[in-house]
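First comes the structure, then the notes that go with it.
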Amino acid sequence: MFVDQVKISLKAGDGGNGITAYRREKYVPFGGPAGGDGGKGASVVFEVDEGLRTLLDFRYQRHFKAKKGENGQSSNMHGRNAEDLVLKVPPGTIIKSVESEEVLADLVEDGQRAIVARGGRGGRGNSRFATPRNPAPDFSENGEPGEELEVTLELKLLADVGLVGFPSVGKSTLLSIVSKAKPKIGAYHFTTIKPNLGVVSTPDHRSFVMADLPGLIEGASDGVGLGHQFLRHVERTKVIVHMIDMSGSEGRNPLDDYKIINQELINYKQRLEDRPQIIVANKMDLPDSQGNLSHFKEQLDNDVTVVPVSTITRDNIDQLLYQIADKLEEVKDVDFSVEEDENLGVNRVLYKHTPSADKFTISRDDDGAYVVSGNAIERMFKMTDFNSDPAVRRFARQMRSMGIDDALRERGCSNGDIVRILGGEFEFVE
């Protein structure tokens, strides 16, 4: 089964907790702090495996949770870092955030890796907080929570050649006779509803990968007939082979078919207009094909390649394969990892956005309580051990140093008012 799009949930591992411990050794009366740091939590990493061709594995498992780092130990021994969770994906996989629709990774080459959810760092043990004023601190840090997010995996096939055209023009039949692929073939529209790949070898021993893409119809660039799902696979082909029913057996005009499909390609991605294209005039064994072909060529520019074939009688198939192989040799390698944002008119690579750590916001709940939120303060909250009074006092000092106390006063917060951070509730004290 071919699966080219799926939504999954990721949870990176939390960092291990640091611990509060002291050196207890005979004849060492003031041994000092000896609490070790926690280990780093495992990250969720995606890696390209060129042996994969589909996202089928993610259809049956949608939730992935990486391991937590080990807690620190006494004698200043650090906890072990957790081993990253590596998820294998096929070449051509794009990973997007469900929340922001931002591209987090674009994986093209075999072995290429991307960290999508980072594991939390380990909490610090009490020996890390020793100072001349406080040589034996009696608090430590909890591990940092690992990142958690939902992502969409989208597969854009990496094929040398993409077959496009209206339904029932002979794309699947062509793939079946030039490769060992076994696509479903039927005398009705949309027999092919998922792309099929085949390795093609020419009589002069050149080879390339050909993708049989589901049939397109007018309006495909707007999503008609699942057009977006089909068109995205065209983006990463080096050469487009445009198949046309030159007999007009479906009651359509071959020239109109050609113009409609090309317009849909351009509407979907403007840069597809410049992609090398070979026109295959199929069904030349049927009546009216020769006359239609002559009229068709008269309407085209001289530099457009048109190859007449019959996938039923197999006439001129070898010549078509030679033409495709020659065209591929002319085409330079295309860097598919850089996507062009046509709305902005610039080339850019999108990386994951890391929010500013210092900003925070203050709002009011319905009951009048003040709610403080922000990446840095929430991270500190999660890493504070609220069972330890010294750790709580340290958290209060951090809030003051960030300017949160002053900001609360400016918002009208006074002695005894309730302040909330995530699931915690505090009383404001002047």
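Glycine too: its Cβ is placed from the backbone N, Cα and C atoms.
Quick look at what Swiss-Prot lists:
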- 165-172, 190-194, 212-215, 282-285, 310-312: GTP binding site (BINDING)
- Ser172, Thr192: Mg(2+) binding site (BINDING)
- 1-158: domain 'Obg' (DOMAIN)
- 159-329: domain 'OBG-type G' (DOMAIN)
- 352-430: domain 'OCT' (DOMAIN)
- 118-145: region 'Disordered' (REGION)
Mind giving me a neighbour count for Gly165 (GTP binding site)? Other Cβ atoms within 10 Å of its Cβ, every protein chain shown. 23
Can you tell me the three-state DSSP label for Ser172 (Mg(2+) binding site)? helix
Measuring Cα to Cα, how many angstrom lie between Lys283 (GTP binding site) and Ser172 (Mg(2+) binding site)? 13
Around Ser172 (Mg(2+) binding site), how many other C-beta atoms are within 10 angstroms of its C-beta? 24
Over the domain 'OCT' (352-430) the mean pLDDT stands at 87
Where does Ser310 (GTP binding site) sit in DSSP terms: helix, strand, or coil? strand
DSSP-derived class (H/G/I helix, E/B strand, else coil) of Pro214 (GTP binding site): coil
Round to a whole number and give the Cα-to-Cα distance in Å for the pair Ser172 (Mg(2+) binding site) and Gly165 (GTP binding site). 11
Counting every protein chain present, what is the number of Cβ atoms, excluding its own, within 10 Å of the Cβ of Lys283 (GTP binding site)? 27
Excluding its own, the Cβ atoms lying within 10 Å of the Cβ of Lys171 (GTP binding site) add up to 31
Taking the binding-site residues one at a time (Ser168, Pro214, Ser310), which has its Cβ surrounded by the most other Cβ atoms within 10 Å? Pro214
Using DSSP, tally how many residues of the domain 'OCT' (352-430) sit in helix, strand and coil. 28 helix, 17 strand, 34 coil
Report the DSSP secondary-structure composition of the region 'Disordered' (118-145) as helix, strand and coil residue counts. 4 helix, 1 strand, 23 coil
